[in-house]
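Note sheet for the following structure.
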Amino acid sequence: MTDHGTPAVELRAATRTYGTGERAVTALDRVDARFEPGTFTAVMGPSGSGKSTLLHCAAGLDRLSNGEVVIDGVPVGGMSERALTRLRRSRVGFVFQAFNLVPALTAAQNVALPLRLARRRPEPGAVAAMLAEVGLAGREGHRPSELSGGQQQRVAIARALVSRPAVLFADEPTGALDAASGAAVLRLLREAVDRHRQTIVMVTHDPLAAATADRVLFLADGRVFDELPGAAGAERIALHIAHAQHTVVAR
Amino acid sequence: MTAAWAMVRHRFASFAGTFVAVFLGVAVVAGSATLHLSSRPQAPARYDQAPVLVTPPDPGTGDDRDRQSWTSAQAAALAARLDALEGVTAAVPDPWFYVQRLDAGRPTGDAQASLLDGHAWSSAALGGYRLTSGRAPTATGEVVIGTTAASDTPSRPSSTKTTSAIKTDSRPSETDRSDKAPQGTGKESRASTNESTSGTGAAGKALITTPNTSGAPTNGSAGSGSTTTGETGSGGPGNSGPASNSTGNGGAGNGASRTRAGTATASAMGTVVVLTSAGPEEWRVTGTVDGPGFYVTDRDAAERASGVQVIGLTVSGDPQRVADAAGAVVGAEGVVRSGAERDALEPGSITRIRWIGAQLLIALVTLGAFATVFVVSSTCALSAAQRRRELGLLRAVGATPGQVQRMMYAETALIALLAGLLGAPAGMAAAPLLADPMISTGLEPAGFTVTWQPVALVGAIVLGLFVALAGVTAAARRASRIPPLEALREAAADPRAMTPARWVVGLLCGAAGGALLAAMPSLPLATRSSAGMGAAMLLLSSAALLSPVLIVPLVRVVVRPWQGTPTGMLVREGTLTGVRRVASTAAPVLATVGLTVLLAGTVATIEVATGIDETARYPAADVLVPDGTPGLSAAAVTAQGAHPELTTRLLITHGDRTAGRSATGRGDALALDRLSAGELGAGVGDTVTIRFVDGAETKLPVAAVGDETSIPRRLVRQHDPDALTGMLVLRKPAVAVPGARSLPIHEFVMEEIDQEGRLIDLFLVALIGLTAGYTAIAVGNTLLMATAARRGEFRALRLAGAGTGQVLRVVTAEALLAVVIGAVLGGLVAVVSLVGVRAAVEDEIGRDIALVLPWGATAAVTTVCAVLAVVASAFPLLKSRGTPA
Ligand SMILES: Nc1ncnc2c1ncn2[C@@H]1O[C@H](COP(=O)(O)OP(=O)(O)OP(=O)(O)O)[C@@H](O)[C@H]1O
Ligand SMILES: [Mg+2]
């Protein structure tokens, strides 16, 4: 799906400011980042450091004030809302921390939603297979209100993966889950990378979660502050975080 | 779209408002349209056996009061030629004349219909009527009388009431007259006569006093208070009208005669006392016939009738072929009508009644559609605001703005279709129930039945769909602009209450409404009432759109006294942060109160104005007016020592121009009114061709040009033997005569006004009832939706230590606040419109009039709204009390 050499997503001097004048907040400050196909990146940083903003901008859910985002080789800067939406639904998957599913639709309908919106008919069995892959075989007909939080997150991941996107973004996907459900969700993401060469960018506060990634980006004050390989282990990651916080406070 | 369907199914509650609004709107439209379409012109039943009818050519003056006739001789000659055609069994001229049975000196039957109740015996064949007893009339003074009522109503299965009982005791007519004397035993009978037939005044007045203005169906629309009665001679609603009296049901004659039904038997032949244009007459009954009317010899009928206007053909074989052949024979001498074209022969009096009914139905449809758009748009806006998060999620998952918009449309279309599919049959089912009330209130002719109208059904559903889609437009456009990140917002903060579009449309509506109001005085009379309504609708829409701007200061002012209390604080903050919600709740209240104040206020203001106007104009004299009859007979007038003042219609031709005019029989020469003189290009000394209603033509020089068209009375008598006098100003005490009563002029005028007022009140009740009922439901629904969506908020409040009572207080206070705001804004808009209406009326009558505000009605609808609002907002709260926090 992705060409060799082209990153799944690339941010160039990405800047995002909220508000104007006195009350202006720079959530992202000239961030450069590349997310190569088939890699699993974790984004960490203190609260308010701009992680969510980074994800939203990279996913085309929000627009940059300055700089450029290139998704799967396509610069999204000047795109119309419609074109951007189309790009998003074919190349990008997104998993929020909560409220991912349309309450009116069943699990299967939620998973099929991006395809439906793209006027593509899901291949027979594809949706069921996707749900089975996230461990929810037989739950196709359940509505979100009939599923646990972890199950809902897994449905959301199934939906994000069903269109085989170039990149999947997840903003604290395990934030609202207990340890066991969180671990299950992380395993799922890891498998997607290993089995299907899925590109994943995940925001997390949990060093253990970050340790499952290939690479960890540290954000502070809207800038990429450092980066570590995931293999560095949860402890070193945790230390880095503390350091980052320390730096921010020191500033 | 499956997503739309799933949404609708899942969140039916939030679509309930749209559903109810469209359901009601479609029901109202389907019902009204069914009634309207069922009320078709229909050829009189007395032509049931005449599939081909020939009428004289249209005079081409564009006024439906102008009818060209054949003289008896012309009609006979034409009939003879038609008779010779192959396939024609008989060609029968149908001359008709005024005749009404007198029962104990009292005219019976429907006054207007009686104008066409006298016929030639040979014309009975056109209706397929046969002798049920006795023999045909052979000499003048002999009559065969009908044994069915509802003299000239279209055939219908249920019209089996019998009437026209024969007087078997053959009392001399003098006895009848003495019965009428205002003294002694006659007093009682006289009083009851007055009461039971007071409605006919309008018709009588119309015959003589109606100015020669536009044709009926242009003037006066619903609730405006402008004249809806007494336009043409065909009579106002009074005839069968709302004159609530002892007989109860209108069509007073029917009611009366029904009680004396069924004495007509062959063995009881005697005489019958009738009233004709000449006066009371006693006829010998030679037989009875199984149809309505009075049948005299052909010669007698020809003398009594003012010309012939119909030749009926009974045929053997294909009517269409006969019609084609007849067309060739008739040429320019007449018009051949077959099939549906025959229905154009409906009597004008019935057309008139149906027209009045149509005014109400049209007003109902308009108001229904307006209310639907209003309610749908406010509930859709509210539900879209409540669903921001969900819509944001859809955007995030890959729905384009267009798709979100289309989904909103699809949802609404689904709901509207569902509501329409249920509402249209409901409306159609309700329509037949309204038939009888409409007949008895004079909005449909007797014999009116509701028929199956698929066009109404489908049309109402389609209209409901379009109206709902129009209502959702703004909300859908707004929803499509919801950014995907909205999905992440925990509690959907109330979005900006005023959008640029809202500003623009609101201001535009306000400007258009204001301009319309300002322009009212310069608009033609006939369009003013609709202009007033239109202006009010525009201003109300404008107020609803701009209400968020006004809500903030209004809330601050209203809540001030309770600022210190926790309830006051919560209400204030809850309202100020939920301006949009308050606006949605206030909107239907605004519309209800606004329309109520406007409609009731307009009518009250105009009524007061007309009262002043009319009573001031008349001298203190008595008038002789028709009493249960369409006009005064010659005998009734001569009995007063006066000459009958006859009015007739003339077709005046000068050169190649023809004008139709009402003319009075007076003097001994022809005078033209200035307008006709100008129109015809004729001046004093010019000779014009006059065609009388009996078809005769004569050339007369114009002797004078003045205010009025008049022609020697002798000529009117001669050429319009059936003419009646409208009313007579008395110079000495009245002599009692059948079919007439005397009363002071101003009393008569007040009776007329009451008549009219009763009809207008009926319109008012129907229209306000519709609006109020409609918007009341909207108020309830909006609050139900809003409170249900805020359950979480209230739970939090309760967790913070507020008791259920306290939460309830806050919620109901908020609801009441919204009602107060709506009522104040609606009242303001209505008062502004009322001032405009008053200006127009003042301009019309040239005098200052007082503004009458209908406090009672306003208080009533506001209270209804308030009660509903409290119940609707408290209900979901009490219901959710049991559910865990
Ligand atoms: N819609 C917004 N309007 C104004 N400021 C915003 C908005 N969204 C984010 N911000 C600001 O931008 C900065 C970055 O926010 P962001 O949500 O990206 O942080 P984060 O790293 O995701 O924090 P957390 O870990 O708490 O989720 C913060 O200072 C925040 O206040
Ligand atoms: Mg965040």
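Easy rule for this one: first residue shown is 1, then count along the chain.
Glycine too: its Cβ is placed from the backbone N, Cα and C atoms.
TrEMBL does not curate its annotations; it predicts them automatically.
Just so it is clear, the model here is predicted, and its values are computed rather than measured.
For B:147-264, the entry in TrEMBL reads region 'Disordered'.
Among the features that TrEMBL reports, compositional bias 'Basic and acidic residues' is placed at B:168-180.
Taken from TrEMBL, the feature transmembrane segment covers B:360-385 (among others). Counting only same-chain residues 6+ beyond the ends of the transmembrane segment (B:360-385), those with a CB under 8 A from a CB of the stretch are 11, 14-15, 17-18, 20-22, 24-25, 28-29, 32-33, 35-36, 221-223, 391, 408, 412, 443, 463-464, 467-468, 470-476, 478-479, 492, 494-495, 533, 537, 540-541, 544, 580-581, 583-584, 587-588, 591, 595, 762-763, 766-767, 770-771, 774-775, 777-778, 781-782, 785-786.
Here TrEMBL flags B:363-484 (among others) as domain 'ABC3 transporter permease C-terminal'. Residues in the domain 'ABC3 transporter permease C-terminal' (B:363-484) partition by DSSP class (helix H, G, I; strand E, B; coil) as 102 helix, 0 strand, 20 coil.
The transmembrane segment feature in TrEMBL is assigned to B:413-435 (among others).
The transmembrane segment annotation in TrEMBL covers B:455-476 (among others).
What TrEMBL lists as transmembrane segment is B:503-523 (among others).
The transmembrane segment annotation in TrEMBL covers B:535-559 (among others).
Sequence annotations record features per position, and here TrEMBL assigns transmembrane segment to B:759-777 (among others).
Feature annotation from TrEMBL assigns domain 'ABC3 transporter permease C-terminal' to B:767-883 (among others).
For B:815-837 (among others), the entry in TrEMBL reads transmembrane segment. Away from its own ends, the transmembrane segment (B:815-837) comes close to residues 513, 517-518, 520, 532, 535-536, 539-540, 542-543, 547, 550-551, 554-555, 558-559, 571, 575, 582, 585-598, 601-602, 605-606, 779, 783, 851, 853, 858, 862, 865-866, 869-870, 872-873 of its chain (Cβ-Cβ under 8 Å, at least six residues beyond either end).
Here TrEMBL flags B:849-875 (among others) as transmembrane segment.
For the transmembrane segment (B:759-777), the most Cβ-contacting stretch among B:413-435, B:455-476, B:503-523, B:535-559, B:849-875 is B:849-875 (pairs under 8 Å). Long-range Cβ contacts of the transmembrane segment (B:535-559) within its own chain (Cβ-Cβ under 8 Å, at least 6 residues beyond either end) map to 370, 374, 378, 497-498, 502-503, 505-510, 512-514, 516-517, 520, 568, 571-572, 575-576, 579-580, 582-583, 586-587, 590-591, 594-595, 598, 817, 820-822, 824-826, 828-830, 832-833, 836. Here the transmembrane segment (B:503-523) has Cβ contacts under 8 Å with residues 474, 531-532, 534-539, 541-543, 545-546, 832-833, 836-837, 839-840, 843 of the same chain, all six or more residues outside its ends. The predicted model assigns the domain 'ABC3 transporter permease C-terminal' (B:767-883) a mean pLDDT of 79.
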